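Single-structure report; data block below.
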Amino acid sequence: MSIQVEHPAGGYKKLFETVEELSSPLTAHVTGRIPLWLTGSLLRCGPGLFEVGSEPFYHLFDGQALLHKFDFKEGHVTYHRRFIRTDAYVRAMTEKRIVITEFGTCAFPDPCKNIFSRFFSYFRGVEVTDNALVNVYPVGEDYYACTETNFITKINPETLETIKQVDLCNYVSVNGATAHPHIENDGTVYNIGNCFGKNFSIAYNIVKIPPLQADKEDPISKSEVVVQFPCSDRFKPSYVHSFGLTPNYIVFVETPVKINLLKFLSSWSLWGANYMDCFESNETMGVWLHIADKKRKKYLNNKYRTSSFNLFHHINTYEDNEFLIVDLCCWKGFEFVYNYLYLANLRENWEEVKKNARKAPQPEVRRYVLPLNIDKADTGKNLVTLPNTTATATLRSDETIWLEPEVLFSGPRQAFEFPQINYQKSGGKPYTYAYGLGLNHFVPDRLCKLNVKTKETWVWQEPDSYPSEPIFVSHPDALEEDDGVVLSVVVSPGAGQKPAYLLILNAKDLSEVARAEVEINIPVTFHGLFKKS
């Protein structure tokens, strides 16, 4: 996909530095020519505060949520950012310490409370973070920033002001929800979260939020659970970051990375555990893939199995005759990749960064093909009859269907991650192109385009430049799937460069169209969207 480059200067460390919010937008300096049709806002979420006073956050997913916005109008660009006023942030600023436990950082006990006060706080339940640093998405006419708990935060996409916290538990039965909901073209939102099912065992609920109706009531108040997936382990749900959706099916991939709920509930308050302390890997289960009939709201008991991998991001899922095509950004093995994303590791000098990454699960882009009709299938025979794929599915004597993938891209310690597609046109449908952030030993140093049919790749890469997830924006008069541009926030600490810029690439060949430079550093961002004017 690209020549593996070295980063001895360690410029990637700028991604993990605390910054201040802005009181008003900055005007960016544009080089090149921004298409006049590109009007709207790029909204992105990520951590912006990596310590509170003398207390540091330890994990990549701990820093307090910073909401970013690049506005595009008539060829000009402005940049703005504000910290999201979550409970976690407001209380930390008020008490000048970390008050709510984050993903990999324990909250320090309140020095004003004695041991009995802290003990009795255990019986009031676990205090879950609302630190909405992962993504932002629309619901009806509103926009919400989110993490992966039951809390989402309504924000104003124009001013970046925080409006209110919303607890999803008040509307549906979920303990949390992913930061990667699917949004259909009519505005319907689908998401997944674990829940307590029958006999107090764990299950996974698919939640549907309808589009805005004529009564203008908040669509979240009309949320409903439409189907439930079983869990392979009664008390240990798998970590779920995304799922697949087509017009007729829902796909859930259950990985061996598990949350030990007994540890979560018993040791959290008393022993100072954090979220990362409660993860463990099931070394023998492999991966279970589940499907449900979306229209009939029915779980289909096809038992798809394959070897172990970590999964964070689905690229796309679609139907092809009597098969489901599931394209995934995988990490080989059962060990949790997040174990390697502590800030101490990511801030190491380059040789240490590489050394740590060599121990981690290795990335691979894979295509799995799931046969839907297995009623009359022969045991031991490959059920995949589609041309142009090497993926296989074999029915075993225990009625499980063993899947072997087709590899779409693989490079040693070279990940194609944070995938994006022309979602409005191709989400849940056959497609050709995916865009991704290239990770070099976990350091983001290139932008990539992948033809999933031919495996041809294109790359944008510059020295001492660290881009973000690419966001595809379609041309308003597009005739082809890749007619449009790709947007990415690039941190550029190298000599002679501005600290950061918004990069605009031609989506066909990743050639540069324009860039909009700012005079301040921009820390790492995870996910976001383009909101058209």
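Glycine is treated like the rest: Cβ placed from N, Cα and C.
What Swiss-Prot lists as Fe cation binding site is His180, His241, His313, His527, and the listing cites experimental evidence. His527 (Fe cation binding site) falls within a strand when secondary structure is assigned with DSSP.
Feature annotation from Swiss-Prot assigns S-palmitoyl cysteine to Cys112 (among others).
In three-state terms derived from DSSP, Cys231 (S-palmitoyl cysteine) belongs to neither a helical nor a strand segment and is classed as coil. Annotation source Swiss-Prot lists S-palmitoyl cysteine at Cys231 (among others).
Its Cβ placed at the centre, Cys329 (S-palmitoyl cysteine) has 25 other Cβ atoms within 10 Å. In the three-state DSSP classification, Cys329 (S-palmitoyl cysteine) falls within a strand. Summarising the annotation, Swiss-Prot assigns S-palmitoyl cysteine to Cys329 (among others) and lists similarity to another entry as the type of evidence.
Annotation source Swiss-Prot lists S-palmitoyl cysteine at Cys330 (among others). Cβ contacts within 10 Å of Cys330 (S-palmitoyl cysteine), excluding its own Cβ and spanning all protein chains shown: 27.
Per Swiss-Prot, N-acetylserine is recorded for Ser2.
According to Swiss-Prot, the feature phosphothreonine maps to Thr101 (among others), an assignment based on similarity to another entry. Counting every protein chain shown, the number of other Cβ atoms lying within 10 Å of the Cβ of Thr101 (phosphothreonine) is 23.
Residues or ranges marked as phosphothreonine in Swiss-Prot: Thr105 (among others). In the shown protein chains, 25 other C-beta atoms lie within 10 A of the C-beta of Thr105 (phosphothreonine).
Under the heading N6-acetyllysine, Swiss-Prot lists Lys113.
Annotated phosphoserine per Swiss-Prot: Ser117, in sequence order.
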> With a radius of 8 angstroms around the mean position of the C-beta atoms of His180, His241, His313, His527, what other residues of the same chain does the Fe cation site pick up?
Replying inline: Val134, Asn135, Thr178, Ala179, Ser242, Phe312, His314, Phe418
> Thr105 (phosphothreonine): which of the recorded positions His180, Cys231, His241, Cys329, Cys330 is the nearest Cα neighbour?
Replying inline: His241
> Cα of Cys231 (S-palmitoyl cysteine) to Cα of Thr101 (phosphothreonine): how many Å, rounded?
Replying inline: 27
>> Of the recorded positions Thr101, His180, His241, His313, His527, which one has its Cα closest to the Cα of Cys330 (S-palmitoyl cysteine)?
In response: His313
>> List every residue in the same chain as His527 (Fe cation binding site), at least 6 positions away in sequence, whose Cβ is under 8 Å from its Cβ.
In response: Arg44, Cys45, Val134, Asn135, Val136, Ala179, His180, Phe418, Glu469
> Roughly how many Å separate the Cα of Thr101 (phosphothreonine) from that of His241 (Fe cation binding site), to the nearest whole number?
Replying inline: 20
